[in-house]
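Engineer: Got a structure for you, questions after.
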Amino acid sequence: MAISSAKLFGIAKSSESMASSSPSPPQTAATLTVSALRKVNYGRRVDYCCSCRFRGVFVNSTARNWAPTSAMVRDGGESVEDRPLVRDSTENSDNEQVADKPPKVQERDFSGTAYVPVYVMLPLGVINMDCELVDPDNLLNHLKILKSVNVDGVMVDCWWGIVERHSPQQYNWSGYKRLFQIVRDLELKLQVVTSFHKCGGNIGDDVHIPLPEWVTLIGQSNPDIFFTDREGRHNPECLSWGIDKERVLRGRTAVEVYFDYMRSFRVEFDEFFEDGVISEIEIGLGPCGELRYPSYPAKHGWKYPGIGEFQCYDRYFLRSLKKAAEMRGHSFWGRGPDNAGSYNSQPHETRFFCDGGDYDSYYGRFFLNWYSQVLVDHGDRILSLANLAFEGTSIAAKISGIHWWYKTASHAAELTAGFYNPCNRDGYTPIAKMLKKHEVALNFTCVELRTLDQHEDFPEALADPEGLVWQVLNAAWDVSIPVASENALPCYDREGYNKILENAKPLNDPDGRHLSAFTYLRLSPVLMENHNFMEFERFVKRMHGEAISDPPSFSE
């Protein structure tokens, strides 16, 4: 997500994440680059730290035990600096200073707690661009291992750019059907993501799944079908919500295109719905599959902790804004802010986002109300049709965890992403209420991050992921919708799993609230290493509320 200057915080302990049952000599961190970890046999090199499921959360990794690869990107293609994925246990010397270790904390006993289902994301390259299942034998072996430790199911992206690749309404589901049959035979469940966005295509990203070819051709003659920034730069990561109701896609609106895709999926996989194999459909609602604007794309030069830019300058959005301003009685408000800085600005450097800035003026409140309402309305339209297509099936939507600048008055990075959440306004309750209207679960991705670690490495970002998590989860719980989550980065160690568990099952919650499900990122060769998988198995048991045989340990 960030590029070279931005470090990411991860949660895998070096001494544990590299332990292996293999008798081979230890490797150094320098040799364990991403190329060494891409050797899972799913047909091509796949970076398991890759884009498509680091949805919407920036995390920082300098310290504590884990460093990202050069190919770590999100769906928007934001890459990070070149570092090895995991560190070798030999890096922890005997004379390591005790002062560098966090204080020991007693591990909580989760036996007898609520059962939280655990799913595992499948590799991004499990289905190729020809919609073929890649290396099914290897996949089958891995799924059998997951089943042996009582994992509840797996998650897979069904990419629009693969299924409807060549022509409108010509769908190819063949590879997914074979995959689903394997999952069913193992008596696992499926979470399916309708991925209407582009995957990858940036530095170090070996998984590249563009939008359908026929959509790309339309975009060449009408680039306003894509989100556009103030400088007029178009972002082909996903379709602009401005064309939700515009018949610019070979006679169909974007909403109709999404609905036709969902309806085709429902018909094609009817048997998997009827026998309960498909437990949930997560609806892609924007970049990275999240309900947000693509306000911080690396392809346009964004770097953490830049505030990003508003993305409302295609002609369809501008027409909507002009109409809203005229209805408000101030036609001169029909424009985007001209003092909101650029992608890498900080709030105090702009007249719009600074304390007392124009974001809280009459015009600023009008614009931000319109901008955020467009986001809510888009979700409302797509999810209403999703309920028609998938009647009787659980549906989820993903919200991104934009926690930088959370401790400022304006919450600038959230505003440009479409979350109208300054310090004097709750921007997530309107979204939660919209989800409640459709009985849709909220999937949030920021639950394992620690505010202290963000402050250590980027104090200038004034980030507060824990505060954001508390606000968003409570906004969802207050309207009585389920809340699910994922880890943002690969996790192999007990300390990381304990953090996830604490958020999954809040201690002493008077209402007994807990996550409805947790999806682990991601099936990989590193997860399958003996020591790592033993820790994962222990984590699954605790998420299920089972007693564990080994005595509670101390986090290190």
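Residue positions begin at 1 at the first shown residue.
Placement of Cβ uses the backbone N, Cα and C atoms for every residue, glycine included.
Here's the feature list from TrEMBL:
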- 73-104: region 'Disordered' (REGION)
- 75-90: compositional bias 'Basic and acidic residues' (COMPBIAS)
- D157, H197, D205, K398, H403, T445, N487, A488, R522: substrate binding site (BINDING)
- E290: active site, proton donor (ACT_SITE)
- E486: active site, proton acceptor (ACT_SITE)
Engineer: Roughly how many Å lie between the Cα atoms of E486 (active site, proton acceptor) and R522 (substrate binding site), rounded to a whole value?
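Structural biologist: Given the Cα positions, E486 (active site, proton acceptor) is 10 Å from R522 (substrate binding site).
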Engineer: Out of the binding-site residues D157, H403, N487, R522, give me the one sitting nearest to E290 (active site, proton donor) by CA distance.
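Structural biologist: Going through D157, H403, N487, R522 one by one, the closest to E290 (active site, proton donor) is D157.
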Engineer: Here are the binding-site residues: H403, R522. Which has the lowest count of other Cβ atoms within 10 Å?
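Structural biologist: Among the binding-site residues H403, R522, the lowest count of other Cβ atoms within 10 Å belongs to R522.
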Engineer: Around D157 (substrate binding site), how many other CB atoms lie within 10 A of its CB?
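Structural biologist: Around D157 (substrate binding site), other Cβ atoms within 10 Å: 25.
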Engineer: Would you say which of the active-site residues E290, E486 has the most Cβ atoms within 10 Å of its own Cβ?
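Structural biologist: Its Cβ has the most other Cβ atoms within 10 Å: E290.
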Engineer: Inside 10 Å of the Cβ of N487 (substrate binding site), count up the other Cβ atoms and send me the figure.
Structural biologist: 26
